[in-house]
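*Asks:* What TrEMBL records for B:26-135 is domain 'PurM-like N-terminal'. Among the features that TrEMBL reports, Mg(2+) 3 binding site is placed at B:Asp28, B:Asp71, B:Asp205. If you look up TrEMBL, you'll see B:Asp28, B:Ser41, B:Asp71 marked as Mg(2+) 4 binding site. Among the features that TrEMBL reports, Mg(2+) 2 binding site is placed at B:Asp43, B:Asp71. As annotated by TrEMBL, Mg(2+) 1 binding site applies to B:Asp43, B:Asp119. Sequence annotations record features per position, and here TrEMBL assigns substrate binding site to B:His50, B:Asp254, B:Phe310. The feature ATP binding site is assigned by TrEMBL to B:Gly118, B:Asp119, B:Arg142, B:Ser207. Positions annotated as domain 'PurM-like C-terminal' by TrEMBL: B:147-293. The Mg(2+) 5 binding site annotation in TrEMBL covers B:Asp208.
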2 protein chains.
Amino acid sequence: MNEFTLIQRCFQGWDITHPNVLQSIGDDCLVWSGSQPLVVSADTAVAGRHFPEWASPEQVAQRAFLPAVSDLAAMTATPAFFTLALTLPPATSEDWLTRFALRLRALAETYGIMLAGGDTTAGATLTLTLSVHGTCPHPVLRSGARSGDQIWVTGQLGQSAAALPYILEKREADAPRSWSEAYWNPQPPVLFASQLQGCIHSAIDLSDGLIGDAAHLARASECDLAIHLDRLPLENDLKQREDEGLKLALAGGDDYQLLFTADPVAEREIVALAAQAQVSVTKIGEVQAGKGDIRWYDSGLERQLPWQSFTHF
Amino acid sequence: MNEFTLIQRCFQGWDITHPNVLQSIGDDCLVWSGSQPLVVSADTAVAGRHFPEWASPEQVAQRAFLPAVSDLAAMTATPAFFTLALTLPPATSEDWLTRFALRLRALAETYGIMLAGGDTTAGATLTLTLSVHGTCPHPVLRSGARSGDQIWVTGQLGQSAAALPYILEKREADAPRSWSEAYWNPQPPVLFASQLQGCIHSAIDLSDGLIGDAAHLARASECDLAIHLDRLPLENDLKQREDEGLKLALAGGDDYQLLFTADPVAEREIVALAAQAQVSVTKIGEVQAGKGDIRWYDSGLERQLPWQSFTHF
């Protein structure tokens with residue numbers, strides 16, 4: 001099977017298109033013509049690093065695609081198109097590729113994003129780089145937090161990190177199903193985020209864990225963040241683990257939920273939009289004047305954290 | 001050295017910026033706001049496939065960057081910005097990365113393209129995916145060739161493919177210097193191509209060899225191409241090898257020159273623009289009514305070719 005046959009069979013003719021993509025797969029470049037600002041992020045997933053070598057093709061598609069579109073949510077962008085750079089081990093079967101492409105296609109449809117270009121190469125390690133593009137009249141940056149803002153997070157934290165040892169040891173059945181779901185099939189709140197336009201001041205996606213990502217937002221905004229550990233959205237199984245659960249929620253990474261800040265007057269609208277989008281939201285703290293530090297509180301008392309954020313490299 | 005320090009030290013603070021990139025490295029996405037159509041291509045280079053494992057960091061930068069911007073030339077686009085997804089083996093040294101980044105920075109400056117985002121991951125095999133973005137009022141497609149067009153190529157063909165065995169056997173000194181230069185440091189005619197706007201009907205970059213790439217253009221345009229083998233731009237060393245040289249020029253790949261078609265009335269302008277850009281151009285045939293076939297001629301007589309195009313996968 002040569003490169004062209006393979007690509008055509010698996011990756012062309014998908015249903016989802018975009019009116020601003022004037023030329024898609026099949027030329028040297030795709031062509032985009034649109035008047036709105038475009039936000040762009042490149043995200044790589046490597047076998048043995050971002051997912052186990054033995055992951056199913058469907059799981060690989062999920063672990064590559066969902067963290068990538070999470071970056072669009074972080075800008076409150078609406079997904080538009082993506083390119084897929086796929087490096088496949090020589091032994092990859094047509095069956096593997098067909099299943100991978102089918103799952104990717106379903107994900108692209110769910111998130112309303114068009115596959116518009118890519119590159120397929122051979123290499124020893126399965127490696128996927130998605131370059132996702134979204135539209136947004138006014139992209140929300142990490143740097144927009146203002147003193148007095150409330151700090152919000154979506155979803156629940158720490159489940160994906162809690163699942164990881166069970167997954168690596170191939171005993172997922174011993175862990176709550178919600179944990180392995182959070183790892184294999186994270187749910188970045190892309191639609192909800194796109195509705196937050198004009199309603200929030202700053203946002204970042206939680207990929208490295210709250211400690212690291214909150215620090216990025218605080219430094220970019222040149223504000224301090226006061227975060228209340230007892231308000232973090234942890235499910236019961238993790239809450240019962242006390243500090244161990246807290247560490248997973250704060251430093252585990254791989255949540256692909258959204259951290260954002262907004263004026264308190266926006267609270268009612270945020271809660272209404274979240275309910276409509278069936279996304280849970282939790283107020284976890286307040287933005288304060290400062291130089292970019294985080295202060296952690298537990299039952300109202302300041303607490304020093306002994307943990308550091310996850311680093312991908 | 002953690003991911004953030006590493007990225008900041010090597011890849012931030014480069015001189016070249018773009019007025020339409022409103023937010024660059026440092027947020028979840030970069031932000032682009034421009035009114036012109038954008039063309040986008042993703043290109044992957046893998047160690048051991050697209051360059052030898054022992055290539056220097058400077059050579060790796062060249063072998064990843066230059067084929068990527070060649071895709072912009074194929075649309076007659078002006079380079080705007082790119083993202084770099086870099087998968088580094090765990091043993092990669094700071095020295096290696098510093099040298100790689102310095103060369104990439106110099107290339108970005110030469111081609112006037114801003115590094116605006118990316119992702120750094122660890123993985124067993126050095127893998128680089130560049131997603132290049134260019135602007136273009138009217139992108140030139142593969143599908144625009146018209147019966148009566150002249151067929152042109154830039155530069156000389158086959159040198160990179162001729163160099164390959166010498167490079168893989170580590171005896172580059174035995175080959176003409178121009179050959180290894182063509183392999184390590186191809187010169188896609190990006191500036192010249194951007195000046196061809198409005199002057200040509202169709203274009204494709206020569207990455208897989210003339211046989212394959214001409215076939216793509218012919219099929220996309222639903223026209224036949226008549227190509228004269230005795231007119232192909234081959235340097236003397238390759239001409240002397242007769243059929244062996246011809247095979248390298250036709251099926252070798254990795255030229256990163258431009259194949260384009262234009263109305264004969266545009267000839268004078270094309271020649272003038274080429275002279276100004278110091279790019280050599282050669283008329284190698286004519287577009288004819290047809291269904292997408294290529295006919296090859298040698299001294300006016302039709303000839304069947306026994307070779308196939310290079311496939312990357």
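For all residues, glycine too, the Cβ spot is worked out from N, Cα and C.
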*Asks:* Measuring Cα to Cα, tell me the gap between B:Asp254 (substrate binding site) and B:Ser207 (ATP binding site) in whole angstrom.
*Replies:* 5
*Asks:* Using a 10 Å radius around each Cβ and counting other Cβ atoms from all shown chains, which of the binding-site residues B:His50, B:Arg142 yields the largest count?
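*Replies:* Of B:His50, B:Arg142, the one with the most crowded Cβ is B:Arg142.
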*Asks:* Return the member of B:Ser41, B:Asp43, B:His50, B:Asp119, B:Arg142 nearest to B:Asp71 (Mg(2+) 3 binding site) in space, with distance defined Cα to Cα and candidates limited to these binding-site residues.
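*Replies:* Nearest by Cα distance to B:Asp71 (Mg(2+) 3 binding site): B:Ser41.
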*Asks:* Taking helix as H, G and I and strand as E and B in DSSP, count the residues of the domain 'PurM-like C-terminal' (B:147-293) in helix, strand and coil.
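*Replies:* Counting residues per DSSP class in the domain 'PurM-like C-terminal' (B:147-293), I get 69 helix, 31 strand, 47 coil.
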*Asks:* C-alpha of B:Asp28 (Mg(2+) 3 binding site) to C-alpha of B:Gly118 (ATP binding site): distance in Å?
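*Replies:* Cα-Cα distance, B:Asp28 (Mg(2+) 3 binding site) to B:Gly118 (ATP binding site): 10 Å.
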*Asks:* Roughly how many Å lie between the Cα atoms of B:Asp208 (Mg(2+) 5 binding site) and B:Asp119 (Mg(2+) 1 binding site), rounded to a whole value?
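*Replies:* Between the alpha carbons of B:Asp208 (Mg(2+) 5 binding site) and B:Asp119 (Mg(2+) 1 binding site) there are 28 Å.
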*Asks:* Taking DSSP as the reference, which of helix, strand or coil describes B:Asp28 (Mg(2+) 3 binding site)?
*Replies:* coil
*Asks:* If you measure Cβ to Cβ, which of the binding-site residues B:Arg142, B:Asp208, B:Asp254 are under 8 Å from chain A?
*Replies:* B:Arg142
*Asks:* Cα of B:Ser207 (ATP binding site) to Cα of B:Asp43 (Mg(2+) 2 binding site): how many Å, rounded?
*Replies:* 12
*Asks:* Return the average pLDDT for the domain 'PurM-like C-terminal' (B:147-293) as a whole number.
*Replies:* 96
*Asks:* Could you check the binding-site residues B:Ser41, B:Ser207 and say which one's CB has the fewest neighbouring CB atoms inside 10 Å?
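*Replies:* Per-residue Cβ counts within 10 Å for the binding-site residues B:Ser41, B:Ser207 bottom out at B:Ser207.
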*Asks:* Check each residue in the chain of B:Asp43 (Mg(2+) 2 binding site) that is at least six apart in sequence and keep those whose C-beta is under 8 Å from its C-beta; list them in sequence order.
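*Replies:* Spatial neighbours, sequence-distant, of B:Asp43 (Mg(2+) 2 binding site): B:Ala64, B:Pro67, B:Ala68, B:Asp71, B:Thr129, B:Leu130, B:Ser131, B:Val132.
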*Asks:* So how many other Cβ atoms are close to B:Asp119 (Mg(2+) 1 binding site), meaning within 10 Å of its Cβ?
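*Replies:* For B:Asp119 (Mg(2+) 1 binding site), the count of other Cβ atoms within 10 Å is 25.
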*Asks:* Cα-Cα separation of B:Asp205 (Mg(2+) 3 binding site) and B:Asp119 (Mg(2+) 1 binding site), in Å?
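*Replies:* Cα-Cα distance, B:Asp205 (Mg(2+) 3 binding site) to B:Asp119 (Mg(2+) 1 binding site): 27 Å.
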*Asks:* Sort the binding-site residues B:His50, B:Gly118, B:Asp119 by C-alpha distance from B:Ser41 (Mg(2+) 4 binding site) and give me just the closest.
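*Replies:* Smallest Cα separation from B:Ser41 (Mg(2+) 4 binding site) among B:His50, B:Gly118, B:Asp119: B:Gly118.
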*Asks:* Could you state the CA-to-CA distance between B:Arg142 (ATP binding site) and B:Asp119 (Mg(2+) 1 binding site) to the nearest Å?
*Replies:* 31
*Asks:* Would you count the other C-beta atoms found within 10 angstroms of the C-beta of B:Asp71 (Mg(2+) 3 binding site) for me?
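*Replies:* Taking all protein chains shown, B:Asp71 (Mg(2+) 3 binding site) has 28 Cβ neighbours within 10 Å.
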